[in-house]
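Data first, discussion second: the structure below is written as structure tokens.
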């Protein structure tokens, strides 16, 4: 994607608003009501990670001990970076590609990288919606298909009752592995096309299309339901779960910390990473959505609303999940901390197993998997919208010339993502391995690397002083000292630390006991580079097309303005450290 370098005046927003009246490409629609953006932002941030990754990290980190660094990282990392992204998106009124090219032409590739990673993720993230739909359709059966071992897919080792034995498997485990996935022995064995999952994947993309085909006009209406209804189900599940025997033991494990766990660096890194990935910093989704805001919208209010509700949702989901853990530990007769729990298995194995032992199991199963569907839809159409917004920003005339209507262009994007997602979204029996490989190499190092350069571009090169001035122009009030310090020092350092630890602790991709062969690991790194590579390519292209000597090119590429004093101090400080180290 080629992005022309912007020519900015001292009052960029005014010129943009004037240009919008003359250029159809700049005539950007806005949310019908501001509450629609807030709900869309909540739906984008609140996703499946709140329901399974957050409880899983709490469980692995000693329960309540995880909440301390989690809430601290929310304050010093999550809220400031979300505030930064929403400010840039609303001020420039562009998706991540043009927004980053506007504030710092040298790092325009960061915007392209965020679009690339969002598109890569949306091709395989839809597997969650596919899974949820598969389970939802089977939840209307009586008895539930994972409630007993009297099925054709069950093995002699299957047990109808919860067990902690490594020699037996539960009915819910076997339903997940042998009925839904029909997984092969490894990535080398492709298997056959799974027509059921193929058609459900198609249905999932049809749902996504009708959520976004009219842009913010359709998305704004959908989020009233998809963003709010999951809370009704979570509260209903919580009321039911707390009445189950053993629920109190699970809740105590969740809220009472094991203080010695706080001495582990992993707990702090995982807390920061969870805040980071849950809110979606670096994915470009919220930046794209905020570009449809009114210019004078209160950015800080939306930031606090989205970030705080996102974390409160994680904590609410924690009470729901850990009360179920307590119930399962009661059934198995073992302590809560000895349950066999992992990430995806938490939602598709452990919880369905708990349903099977509850009164009216079909009711709770339908409610739970419908909630997963709503959460997945919110996150998925946010990622798809990044691609649509960015391409419309860059190639508006060409897109309209070819497709005539935006709705047909959105249909083409969804169709391409559907086709690319067939192998990794369980269209084939090997799909579980393809999904795991893509997720491992996309959702960890790639997003951290991308976000670090986004922070450098916006907070250091564009400058905190200038970002605060943009806020004054939009809302009449700039950023306070807390946000300035977080933008300049705290956030860059924390993200750099997370990236370093992610690289140090990086392990080859695996699924359960299966370790991917070297050639598959190589494919994984190619997938990771599919987003990262745009950052150096953007730097090379920018320096190539700008006129003047190498030093003049560099000055022009950093920002159309001179660096402010705060940025100079920070850059000189780190340059001195680097020089002394070398």
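Just so it is clear, glycine is given a Cβ too, placed from its N, Cα and C backbone atoms.
Given the ranges 267-292, 553-578, the record in TrEMBL names 267-292 as transmembrane segment.
When TrEMBL is compared with the stretches 154-178, 304-328, the one noted as transmembrane segment is 304-328. Remote same-chain residues near the transmembrane segment (267-292) are listed as 28-31, 37, 40-41, 44-45, 47, 49-50, 53-54, 57, 60-62, 65-66, 69-70, 72-74, 77-78, 81-82, 85-86, 88-90, 92-96, 99, 111, 114-115, 117-118, 121, 215-216, 261, 299, 302, 306-307, 310-311, 314, 382-383, 385-386, 389-390, 443, 447-448, 450-451, 454, 494-495, 497-498, 501-502 (criterion: CB distance under 8 Å, separation of at least six residues from the stretch ends). Between the transmembrane segment (195-213) and the stretches 222-239, 304-328, 363-388, 485-504, Cβ pairs under 8 Å are most numerous for 363-388. Of all the binding-site residues given, namely 278, 379, the one with the smallest number of surrounding CB atoms inside 10 A is 278. Between the transmembrane segment (222-239) and the transmembrane segment (363-388) there are 3 or more Cβ pairs closer than 8 Å, counting only residues 6 or more apart in sequence, so the two stretches are in contact. Counted over residue pairs separated by six or more positions, the transmembrane segment (485-504) shares fewer than 3 Cβ pairs under 8 angstroms with the transmembrane segment (304-328), which leaves the two as not touching. In sequence order, 42, 44, 47, 48, 49, 313 are the residues of the same chain, not among 43, 45, 46, 50, 278, 310, 375, 378, 379, whose CB sits within 8 A of the CB centroid for the Na(+) site. With Cβ pairs under 8 Å as the measure, the transmembrane segment (441-464) is packed most heavily against 524-546, out of 64-84, 304-328, 524-546.
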